[in-house]
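Below is one structure, written out as structure tokens; comments come after it.
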Amino acid sequence: MSDGEVFPVPKAWAQKAHMDAAGYEAAVAEVETNPDAFWTKVAGRLDWMTPFTQVKDVSFEKEDFHIRWFADGVLNVSVNCLDRHIAERGDQPAILWESDDGLMARFTYREALAEVCRIANVLKAKGVKKGDRVTIYLPMIPAAAFCMLACARIGAIHSVIFGGFSPDSIAGRIQDCDSRIVITADEGLRGGKIVPLKRNVDEALKSCPQVTDVIVVRRTKADVPMTEGRDAFLPDLKQGVSDVCEPEPMNAEDPLFILYTSGSTGKPKGVLHTTGGYLAWAAYTHELVFDYRPGEVFWCTADVGWVTGHSYVVYGPLANAGTSLMFEGVPNYPDHSRFWEVIDKYKVEIFYTAPTAIRALMREGDEPVLKTSRKSLRLLGTVGEPINPEAWLWYHRVVGEGRCPIVDTYWQTETGACLASPLPGAHPTKPGSCAKPMPGVKFQLVEADGAVITGAASGNLCITDSWPGQMRTVYGDDQRFFDTYFSTYPGKYFTGDGCRRDEDGYYWITGRVDDVINVSGHRLGTAEIESALVGNENVAEAAVVGYPHDIKGQGVYAYVTLKADVHPTDILEAELKGWVRREIGPFAAPDVVQFAPGLPKTRSGKIMRRILRKIAENDLGNLGDTTTLADPAVVEDLVKNRHGA
Ligand code: PRX
């Protein structure tokens, strides 16, 4: 198979990058020959209160399953992200902020540290202690980063919930980790629209009686209802509070945060990351992949409610003494030049976004890009979903004027930070390929039955050994952690992704092979959407699959069987889309609802999703074996009434 154009490493990059091709090969070799020395260097970039003497202590085997890194070391994440930079870079901006409505703010390292300490002291005054869970539901404002770091300072575990999630989703996450304290804002602002954050929290808390305190950050200063004895505004709580707070000494394996993510079954999983390994991996990959040097203006457009925001808006850049730009808005407001104008305004050097945004902007043509300068840019990145070569080439040619390498970074919430990406000084790039694994990450392709695949071929992507940023468990459910990731292929971590390896050993992620779909870079479990749909009084049964979507990568296609006395109407279709918006969040709303008198099932009652996927994809000539269906006529009806048929 031809993989199209290859873009060589620009000479200047090969010469000055942190890692060139020979350096990459040497690092990969060192992991084999002297792993402890390699990993000690990776973690040695952090400041340890008590240096570690143990490096890696891992077994993926069922009998002796455990994952520990740098386990006897002691450190504090906020010290590594703030205090240690003060002497040299106290006056350098740590965080720049561009608001939705075009306002600008900057916080130096000194200011950021003072603010983090004040918030940490507020949390302490509320009785928050090491190990307590703090839920954060905030817009993209600097306070979000400060609250995360304030938790880290006192050893509390943060659970950040993306501001687009509904009250029901918030409640589920608060209950799952039994958090007693919630930090939110009066309102958010995105694309000129108000997001009623406090109101959503109030609604969620109706089913979370254990929550004793809600801390409300002022964003729009709107009048919002406050519950006496429970709710307080952060500016009031900060009055007279000290800007000094001793950092809590944390063991490397103490939890840092929980982040909920969708899986193929059941409710979202609380992915748990720990202190030492996570931070070392976030910082190491941030430096390597983006060839980052302290003080460069780095802009990752992800929301802090997703893992990309955790690792590449907050923890990676700040651990590396960076200047991280936080953006509250959206790419198309007030117009389609917004991203590029913000790049010019802040002289952004490294820009990191999602393919879905690139595709949406590409559709608007070159003019909104070309009217901006973008001279400050030197590197571009993508993350979250496969990028089609057409979008890659446009990003490269138009946005980067052909002079900025593109790093296509492949990773997951579970992996803490990047797993595979071209390194700009080491790897020629191929549009659509995440090139090679980071040094220390051991990819393996396997057949469905587990047989190992070598050479150029496609298979299921596994990782045969641990890396420090790996999640440690599903919060409160060790068994689910093991079962989800380590039981399909014993002794290996299974990513859930399909992947092809080419003749050059480059990897091409082809997408999920389980029932997880990726909509605009947002990860959704089809089971979650189905369970929301069947919660509607009109619905008897629902099956949801993904289908190719020009802008979103994948769209949500829902097959719905109504209860006996209910008739399909356009109004009901709209109602069901709105229902999912409210139950989960706007980004999960089905693009298509197809009413169906029945769903294709095997004789034992299992829904045959393969067929549903083919119909949604309009791949009708290739429905495969339908003879095992309980009622083959069901398929004819589905095809006949296919949306767009
Ligand atoms: O399918 C892969 C896809 O996104 C999934 C992980 O989603 P999430 O945990 O939300 O994390 C997204 C941000 C790291 C993966 O299993 N994915 C992520 N990055 C890429 C990708 N698919 C192809 N290419 C990528 N660069």
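Placed from the backbone N, Cα and C atoms, the Cβ positions cover glycine too.
Pulled from TrEMBL:
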{"type": "DOMAIN", "residues": "24-81", "note": "domain 'Acetyl-coenzyme A synthetase N-terminal'"}
{"type": "DOMAIN", "residues": "83-465", "note": "domain 'AMP-dependent synthetase/ligase'"}
{"type": "BINDING", "residues": "Arg190, Gly191, Gly192, Lys193, Thr308, Asn332, Ser520, Arg581", "note": "CoA binding site"}
{"type": "BINDING", "residues": "Gly384, Glu385, Pro386, Asp497, Arg512, Arg523", "note": "ATP binding site"}
{"type": "DOMAIN", "residues": "528-606", "note": "domain 'AMP-binding enzyme C-terminal'"}
{"type": "BINDING", "residues": "Val534, Val539", "note": "Mg(2+) binding site"}
{"type": "MOD_RES", "residues": "Lys606", "note": "N6-acetyllysine"}
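Overlay of TrEMBL feature records on the structure.
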residue : record              : DSSP class
Arg190  : CoA binding site    : strand
Asn332  : CoA binding site    : coil
Gly384  : ATP binding site    : coil
Arg523  : ATP binding site    : strand
Val539  : Mg(2+) binding site : strand
Arg581  : CoA binding site    : helix
Lys606  : N6-acetyllysine     : coil
DSSP helix, strand and coil counts for the domain 'Acetyl-coenzyme A synthetase N-terminal' (24-81)?
-> 28 helix, 11 strand, 19 coil
Measure from the CA atom of Asn332 (CoA binding site) to the CA atom of Val539 (Mg(2+) binding site) and give the result in Å, rounded to a whole number.
-> 36
Rounded to an integer, what is the Cα-Cα distance in Å between Gly192 (CoA binding site) and Asp497 (ATP binding site)?
-> 36
For ligand 1, the binding-site residues of Gly384, Glu385, Arg512, Ser520, Arg523, Arg581 whose CB is under 6 Å from one of its atoms are Gly384, Glu385, Arg512, Arg523
CB contacts for Gly192 (CoA binding site) [other CB atoms within 10 A, all chains] = 11
Would you measure the largest Cα separation among Arg190, Gly191, Gly192, Lys193, Thr308, Asn332, Ser520, Arg581 for the CoA site and round it to whole Å?
-> 24
Within 10 A of the CB of Gly384 (ATP binding site), the number of other CB atoms across every chain shown is 24
Cβ within 8 Å of the mean position of the Cβ atoms of Gly384, Glu385, Pro386, Asp497, Arg512, Arg523: remaining residues of the chain near ATP = Ile509, Gly511, Asn518, Gly521, Gly553
If you measure from the Cα of Gly384 (ATP binding site), which of the binding-site residues Arg190, Gly191, Thr308, Val534, Arg581 is the nearest?
-> Thr308
When the Cα of Lys193 (CoA binding site) is compared with the Cα of each of the binding-site residues Glu385, Asp497, Arg512, which one is closest?
-> Glu385
Using Cα positions only, nearest of the recorded positions to Arg581 (CoA binding site) (Asp497, Arg512, Lys606) = Arg512
For Glu385 (ATP binding site), the number of neighbouring Cβ atoms whose distance to its own Cβ is within 10 Å equals 23
Fill in the CA-CA distance, Ser520 (CoA binding site) to Asp497 (ATP binding site), as an integer in Å.
-> 17
